[in-house]
Amino acid sequence: MEFQFFGPIAIGSPPQEVLVCFDTGSSDLWVPGKSCEACAGLDRFNHSDSSTYQESASRPAFAVQYGSGKVSGHFGQDVVRVAQFEVKDTTVGIVHTEEESMARMKADGLLGLAFDGLSTFSHPPLFFALLEQYPELDSVFAFYLSPDPNSNGSELHLGGYDEDFMSSLQATWQMTEVLPQFGQWTFWRIHLHSVNVGKHRNACADGCVAFVDSGTSLIGIPGTLYLNFLYEVATFAQNQGCYCGFVQYGFQCFLCAPEDFPPLRIGVGGHHYYVLEGSDYTLCVGLTCIVLVQPSGQEMWVLGDVFMKKFYSLYDVKKKQMGFACPANSTLCGVEDIEKTVSSNDNDLLPSQSSPFFENSFNMYDMDTHAVLVLFLSGLSLVGSGFIVSSFIQYPILRSFRSFSLFFWLSVCTLGYNLTLWIAGVWRTHPTHVFFCALLKSSQQFLGTAILLFSAAVGLELIRAVRWTHSSTVEYKLVYHVVIWCSAAFTGAFSLLTGVIGFLPDGAGPCRACFVGHSPGWARVFLFYLPATLTLTFSGTAVYLAYTGLSGQSLPPQAERARRSSGQLLLSCVASVAALFLPTVFGWLQAFGADWVTSGFFLYLSELCFYSLGLLNALSWAFNPSYRVARYRGNNATGGEGMRLMGPN
């Protein structure tokens, strides 16, 4: 199902008129060139006929990938007339080739209205260039989309909004802050604090991120929540007598009317709410209805034309805000009463074993199953790491042993990392607070880098202990600490300055609003998958050498002590391999385009391994002979049997 909203602009001198889609989900302006016979639309722009067209000698090329396809060509500068405004020296892309999937466009080209950070070649984007040349204009534009398909009436206002229309509705603007991405302004991204289907549980209690996109027809739902959303809709509709399920053409409901579908209540920015009724997000022909939603293909919600047709929208590029018009006395929008909403959700939950969401025991907000799994496993790892650290504090003699010192610091970092997860999980105030999110991302990246490097160092020490050569007696403690802490500080500072985090298996855990759009593929490759692969190489090699070299053969006393001292290192390496192997393999597969690893089962499996490192290390430490000797003999563990069991320093 496609809804498209487009209008005319004129390019060049004399002006050549073309139709463009006005798209808040991109930032470039491009139109089909004269040579592009396969391009969508009817009109073409011939830059050779324009006396004001300027093209650099290098004839710069571009290629832009959209959700529906790819276009490519070259770009230059020309005068562009949109509405009553004439914008000189505007960068215009001239498309030569267009993927077949783009042919569904009714318009000829596309005019992006998002921020400069999303531009491929339009620097600045057209609306920003317009404001530079017309400084008296307000830095806003407004979108009104006609609710009737295939009809006129949609409006784009540049430098203001339709005040008469707002007065007729007695409406006010409910504004919310736009969220940056990677430290830049890109999409019109906003925070969602709730998404309720009927009276069912909140799908975004941990915080979600959405972007408003006039170039997307439907409502986009993150893949991890899509089937859960359809389940809630189907349950409600079937209670009204409908029959719902997946058929050849997607998810449909039969013997239905629009009023048989639940209201969809969306909370924005922690302060406002908007309600879509069943008739707003369904399309019914006779007694057959389709739900106008789709998987977004990413971790963000997309408020497309289905939502924008319901609510008049305003965009302020200077204040970095956007909002929607709310008519006076409307029951479909307004100011959020958080306490009343939480109380209502707690009282109206429908018990069901198949329910896709989970009400947490803290009675703070509802959490989905991913957040619950992450907090459960990280809680166990938090307790396990705390147990290890406390044993080293209680018996400080253990830290004097080289093999155990690295393990101690690995446990300290694991303790800190899991503590940040729980802080994120119980954070009660605005979950997209800029300072909180920046501190959370940088601290988790800092601790994550340290965890990976300490795990790699443990693997190296095990290799040295197994070989038991003269070089294994050389002390590298200072080298390890300098390299590890400097690397961790660098990645933490990088995350703080750029807003990017790589040490993240997925964005489905607690306080996801801080991470959505801040963990691009390249960041995970360089800040997680590559160092994790290095760690797995050292740990795996160490485990193999230990397995083949530490068999129960007769050894001299010194080698026997080496075997005993390497026992804890071996168990720690096994724990690292168990915790990191699947998340790293799945991560590399996803980086190379294997989207099947993002399905629910593989996400749960990856999270199960990733967040259990502290627990696995605690189990190995609890049965370590050296710890048991230290426990029963206290500081006297340095003599006699204690030294024999702990191994050489």
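From the backbone N, Cα and C atoms, a Cβ is placed for every residue, glycine too.
Predicted automatically and left uncurated, TrEMBL annotations should be read as such.
In TrEMBL this protein carries:
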ACT_SITE  Asp23  active site
ACT_SITE  Asp213  active site
DISULFID  Cys204-Cys208  disulfide bond
DOMAIN    5-325  domain 'Peptidase A1'
TRANSMEM  371-394  transmembrane segment
TRANSMEM  406-427  transmembrane segment
TRANSMEM  447-466  transmembrane segment
TRANSMEM  478-505  transmembrane segment
TRANSMEM  525-547  transmembrane segment
TRANSMEM  568-589  transmembrane segment
TRANSMEM  601-623  transmembrane segment
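Taking the features listed in TrEMBL, we show where each one sits on the structure.
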{"residue": "Asp23", "record": "active site", "DSSP (3 states)": "strand"}
{"residue": "Cys204", "record": "disulfide bond", "DSSP (3 states)": "coil"}
{"residue": "Asp213", "record": "active site", "DSSP (3 states)": "coil"}
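Each residue contributes its Cα atom, and for Asp23 (active site) and Cys208 (disulfide bond) these two points are 22 Å apart. In sequence order, Asp23, Thr24, Gly25, Phe187, Trp188, Gly220, Val302, Leu303, Gly304 constitute the residues six or more apart from Asp213 (active site) in its chain with CB-CB distances below 8 Å. When each of the listed stretches 371-394, 447-466, 478-505, 601-623 is scored by C-beta pairs under 8 angstroms to the transmembrane segment (525-547), 447-466 comes out highest.
Sequence-distant neighbours of the transmembrane segment (447-466) (same chain, 6+ residues past either end, Cβ-Cβ under 8 Å): 402-403, 406-407, 409-410, 413-414, 416-417, 420, 472, 480, 483-485, 487-488, 491-492, 502-503, 527-528, 531-532, 534-535, 538-543, 545-546, 549-550, 562, 565-566, 569-570, 572-573, 576, 580, 613. Taking Cβ pairs closer than 8 Å, the transmembrane segment (371-394) reaches residues 206, 358, 360, 404, 407-408, 411-412, 414-415, 418-419, 421-422, 425, 508-510, 512, 604, 607-608, 611-619, 621-622, 627, 630-631 in its own chain, all 6 or more past its ends. Around Cys204 (disulfide bond), the same-chain residues six or more apart in sequence whose CB sits under 8 Å from its CB are Leu192, His193, Ser194, Val195, Gly267, Trp301, listed in sequence order. For the transmembrane segment (601-623), the list of distant contacts is 224, 369-370, 373-374, 377-378, 380-385, 387-388, 391, 407, 410-411, 414-415, 418, 421, 451, 505-506, 508-509, 568, 571-572, 574-576, 578-583, 586: same-chain residues at least six beyond its ends, Cβ to Cβ under 8 Å. Counting Cβ atoms from all protein chains shown, Asp23 (active site) has 23 others lying within 10 Å of its own Cβ. Using a 10 Å radius centred on the Cβ of Cys208 (disulfide bond) and all shown protein chains, the other Cβ atoms total 27.
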